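This report refers to the structure that appears directly beneath it.
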Amino acid sequence: MQEKISKFEDFLTQLQQNITTALEQHETNAAKFISDKWQKPDTPDQKLKGYGNSMIIEGGEIFEKGVVAFSRVHGSELPPSATAKRQELAGKSFIATGLSLVIHPRNPFVPTSHANFRIFIAGADTDTPIWWFGGGFDLTPYYPFEEDAIHWHQTAKNICDKHDKTYYSKFKKWCDEYFYLKHRDECRGVGGLFFDDLNDKSFDECFNFVTDCANSYLDAYIPIVAQRKNIEYSQKHKDFQLYRRGRYVEFNLVFDRGTIFGLQSGGRTESILSSMPPMASWRYNWQPEQNSEEAKVYQYIKPRDWIK
């Protein structure tokens with residue numbers, strides 16, 4: 001099992017380089033991803049041990065902020081967020097390896113994107129370890145274009161169909177349900193794919209699906225960035241982007257499993273919260289004008305079949 005974990009780690013660290021390099025090619029000022037490598041000390045007082053590399057870009061003309069973060073951590077006991085629905089895992093040691101990214105563009109016409117790919121092994125130090133993969137990618141537009149959402153979902157479906165014809169509809173529905181703000185009765189964006197507890201096939205089959213899915217993120221996102229990054233925008237557009245970013249913050253702090261897991265397990269706070277946007281705003285009881293550009297997004301962030 002250790003060999004398989006290391007193989008996935010090697011894939012993720014190379015993917016991190018591929019993604020940051022591809023994104024930098026679209027940046028028009030001197031902003032670059034900087035590497036912040038870290039290691040948790042192996043001491044008795046540390047609940048979580050391990051290491052990682054958070055790559056951050058800030059202040060770009062295209063990407064106002066972005067993080068592509070790799071981590072490999074282990075602990076003696078899974079936190080409550082990981083065992084709430086799987087009581088048989090309570091008290092087990094674990095290893096978790098993953099890559100998580102969030103890209104916050106400066107231009108309100110370029111959507112925010114998020115992706116995450118991970119493996120968990122519970123009881124890795126036993127004769128019967130339990131493994132599963134999780135991950136996916138989702139898109140959060142502020143001023144949506146239907147063709148962008150169709151391209152995003154078509155890319156997702158193409159990858160899913162290559163491995164299992166049932167995956168896209170199942171993981172698309174899961175994504176719509178997961179990225180939902182209950183207190184707002186809103187979805188976070190137009191969705192994509194979300195899956196967890198993936199071990200329904202052999203390890204190699206699951207590994208191949210997850211790595212193909214991860215490799216398709218750039219195919220899904222880069223064409224959208226290229227198409228929208230030079231659209232002119234006003235302060236009104238920017239203000240609405242900041243307002244909608246507030247929903248992103250609310251979801252990450254209240255509902256996101258990765259954030260909750262990281263904080264409950266004693267993870268590295270700076271890396272866990274690095275996905276937050278550089279700026280966001282809240283307006284009391286604000287509503288967009290009827291039939292305005294700003295009202296349009298509320299029709300797009302409802303679950304729908306993007307692929308006819």
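Just so it is clear, glycine is given a Cβ too, placed from its N, Cα and C backbone atoms.
Not measured: the values here are computed from a predicted model.
Taking Swiss-Prot as the reference, the stretch among 32-67, 140-175, 248-283 described by the feature region 'Important for dimerization' is residues 248-283. GLY266 (substrate binding site) sits 35 Å from HIS153 (divalent metal cation binding site), taking the C-alpha atoms as the reference points. Of the recorded positions HIS114, ARG118, HIS114 has the largest number of other Cβ atoms within 10 Å of its own Cβ.
In terms of DSSP helix, strand and coil, the region 'Important for dimerization' (248-283) has 22 helix, 0 strand, 14 coil. For HIS104 (divalent metal cation binding site), the nearest of the binding-site residues ASN116, PHE117, ARG268 in terms of C-alpha separation is ASN116. Figure note: comparing Cβ neighbours within 10 Å for the binding-site residues GLY266, GLY267, the maximum is reached by GLY267.
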